[in-house]
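Reading through the structure tokens given below for one structure.
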Amino acid sequence: MNPQLSPKAIREIREGTCNPLGAPQVTTDLSENIILTSLDDLHNWARLSSLWPLLYGTACCFIEFAALIGSRFDFDRFGLVPRSSPRQADLLIVAGTVTMKMAPALVRLYEQMPEPKYVIAMGACTITGGMFSADSTTAVRGVDKLIPVDLYLPGCPPRPEAIFDAVIKLRKKVGNESILEREKTEQTHRYITYKHEMNLVFSQNTGEYLNKTSTNVFPSSKKEKITELPENREQTEIINSEEE
């Protein structure tokens, strides 16, 4: 290499040798106004910023969800717009107990929602049946037996702050999805693989204990301490005067 060449000339010769086309030159104005991203990131950014929940409340948990609409919590800042039609919603928040009669309507609403769609199970009654799972014959023991659930939100009922936390976690899940891999990762099954085992216990309130001899026979030791009650008020006054 010629020692008389300047360092700048040597650098240009090396760049031309390594990359004959040269490095791409981007001006300062373009670098400050152009954002390089992928189609997945752009698509997910648009979806997670505009989750439209379907208003579906069957019990007291919906009162906490309705509080989000007010100015105190203002869930519009998350891009949540409540919808009354399943065809315009992509998020189903099941808030409250689901009964056997309401189960077909819930499944129908879920099937009418366009893809991609997400489900949040809100409250203990929605997740496991709650306090109605012990003796109710009409409560569904978990909404995941009917439709696939993406996020579980326990509580009785959950606070509005907990609903915000669930929405933020769902946004993170939406942001990590890929258009090409969505068919492989989405939940295609409706029913879960495990069952909520409920052991059948026979009722003990049969009334048989009333027919037992131990409940009908009065103890002889207590019979001696029982005195005859007075028939009228005059006899009561006489007894009281004798005691004085």
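Backbone N, Cα and C atoms are what each Cβ position is placed from, and that goes for glycine too.
Not measured: the values here are computed from a predicted model.
Look at Swiss-Prot and you will find Cys60, Cys61, Cys125, Cys156 tagged as [4Fe-4S] cluster binding site. The local packing around Cys156 ([4Fe-4S] cluster binding site), expressed as other Cβ atoms within 10 Å of its Cβ over all shown chains, amounts to 11.
What Swiss-Prot records for 221-244 is region 'Disordered'.
Residues or ranges marked as compositional bias 'Basic and acidic residues' by Swiss-Prot: 221-236.
Here the binding-site residues are Cys60, Cys125, and the one whose Cβ sees the fewest other Cβ atoms within 10 Å is Cys60.
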